[in-house]
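Since the structure comes first, as structure tokens, the remarks are kept for the end.
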Amino acid sequence: MNSSSDGANEGAGAAADNGPTKVAESIAIIIIDILICLGNLVIVVTLYKKSYLLSLSNKFVFSLTFSNLLLSMLVLPFVVVSSILREWIFGVVWCNFSALLYMLISSASMLTLGIIAIDRYYAVLYPMVYPMKITGNRAVLALVYVWLHSLIGCLPPLFGWSTLEFDHFKWMCVAAWHKEAGYTAFWQVWCALLPFIVMMICYGFIFRVARIKARKIHCGTVIIVQEASQKNGRKNSSTSTSSSGSRKNGFSSIVYSANQCKALITILVVIGAFVLTWGPYMIVISTEALKGKNSVSPVLETLATWLSFTSAICHPLIYGLWNKTVRKELLGMCFGNRYRDPFHQQHRTSRMFSISNRITDLGLSPHLTALMARGTESEHQSTTTNTGFSCSNESGTDVMLLDDTSSDATQLHRVIYSRRKSSVTFEDEVEQKNDARTMPTQPTAPSESLESYAFNLAKAIEMDAKISLFGEDVFPSNVQALPGNSGINRNRINFIQKQRVQLQSIEEGNIETSKCDV
């Protein structure tokens, strides 16, 4: 292994850089370090303080942002000092340790992106089996595997396959990519190419399914949005549907195209951020491994390294603030009642559990997982998330909703929307049924109950995807039948009414269903 003294002669030329270049590089790395630290710290604190946000998907996000936070605290400060002084002054031991730490954190971050892509794949394509495939234990095992996988990719330089040294153009200690082309190729494939392939495959399938669903909805339903003013001056969308195979309504084509663009943009942002931040760095180290150390311009080498650091800035933005629930809680923590109260008054706290939310939020809503989990638990304990089931009749068409409310907003939610929808939680319903039950009921086999429960929930999710594949938080308030399609609409409404089920209780595997009151 090489120390800082091994490259003293080489560093003499780098130290002679002109003043403006030195100042620009130093300012840039300082800004990058501050942004990485603040951005990831905000997401880590938000997820930690709001424990109900730590769904399985968000646990992966927490691990990702926490590792980036470590990078900003344990690695980048020394890069800043080296960039200013134009030399490494912290000794050989810390040089080797910081190089190993940088490679470990960077590798773990890239592999975590692949794990998140797999998580999204199951959440979007197989929502019914998601709680069984992605469990808490498996999530922990996945995170442990990520770090062990990364460690395997970073240890070879300590055992003689390549070396660790201070790079005078990257201004940090890192593996000597130009000395061992074999190790450079191994690290790129083991820690970067594998998660990239996983991301391409998973997000490709996600977009394909979203596009197919959008086409089916577009061909079978014409959506007309009518604006109706409310007392507070805001507008509420009312929707009327009719069966039609033609594109007579221009607005439906706009909605169809916009929804596809919405999913496509989300996926492109995820893939594009990975390629743009890590792509140049991979090209630089590959060129060094094949053609030698001086084959790349020092300026390009520095820029590529700095650009790879910016991936840690993108992660909290894409996987944290892009999530509506996390963003809401973050703003609530920053502005308190000035933001939280208007938010609950202007936006519905119940929203459709749709494919749109699963794709664009990039974090699975914990409510379906909690809903499924409650069906198999023998002990009914209240959680931090008040997950309930309700039926809404506000537009003439009953729609199954999964309540998206936290404990501090439950009471306000019931007051505001008591006239529009009825909501009942699992815990309250279980207590009511226990008090009111005077006649013994015939027991139902747990396997049959779970099958019926899964079938009804699958039908509801299927109807949600067909009605509102990329719906907004506020579901349209009116559904009107267009002239000339009354028979078809009547059949559609009758079919929807068959799906109006309300989970009454879950106790010892006994699941009962009944129609919601219209």
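Keep in mind that glycine also has a Cβ here, set from the backbone N, Cα and C atoms.
Listed in Swiss-Prot for this protein:
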{"type": "COMPBIAS", "residues": "439-448", "note": "compositional bias 'Polar residues'"}
{"type": "DISULFID", "residues": "Cys95-Cys173", "note": "disulfide bond"}
{"type": "CARBOHYD", "residues": "Asn2", "note": "N-linked glycosylation site"}
{"type": "CARBOHYD", "residues": "Asn96", "note": "N-linked glycosylation site"}
{"type": "TOPO_DOM", "residues": "1-26", "note": "topological domain 'Extracellular'"}
{"type": "TOPO_DOM", "residues": "48-59", "note": "topological domain 'Cytoplasmic'"}
{"type": "TOPO_DOM", "residues": "81-97", "note": "topological domain 'Extracellular'"}
{"type": "TOPO_DOM", "residues": "119-138", "note": "topological domain 'Cytoplasmic'"}
{"type": "TOPO_DOM", "residues": "160-185", "note": "topological domain 'Extracellular'"}
{"type": "TOPO_DOM", "residues": "207-264", "note": "topological domain 'Cytoplasmic'"}
{"type": "TOPO_DOM", "residues": "286-301", "note": "topological domain 'Extracellular'"}
{"type": "TOPO_DOM", "residues": "323-518", "note": "topological domain 'Cytoplasmic'"}
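Rounded to a whole value, the Cα-Cα separation of Cys173 (disulfide bond) and Asn96 (N-linked glycosylation site) is 7 Å. Working note on the disulfide-bonded residues Cys95, Cys173: by count of other C-beta atoms within 10 Å of each C-beta, Cys173 ranks first. The local packing around Asn96 (N-linked glycosylation site), expressed as other Cβ atoms within 10 Å of its Cβ over all shown chains, amounts to 19. Applying DSSP to the topological domain 'Cytoplasmic' (48-59) sorts its residues as follows: 9 helix, 0 strand, 3 coil. Long-range contacts of the topological domain 'Extracellular' (286-301) within its own chain (CB-CB distance under 8 A, at least 6 residues past either end) are made by residues 14, 21, 167, 169-170, 177-178, 180-181, 184-185, 188, 280.
Under DSSP, Asn96 (N-linked glycosylation site) is assigned to a helix (H, G or I) in the three-state scheme.
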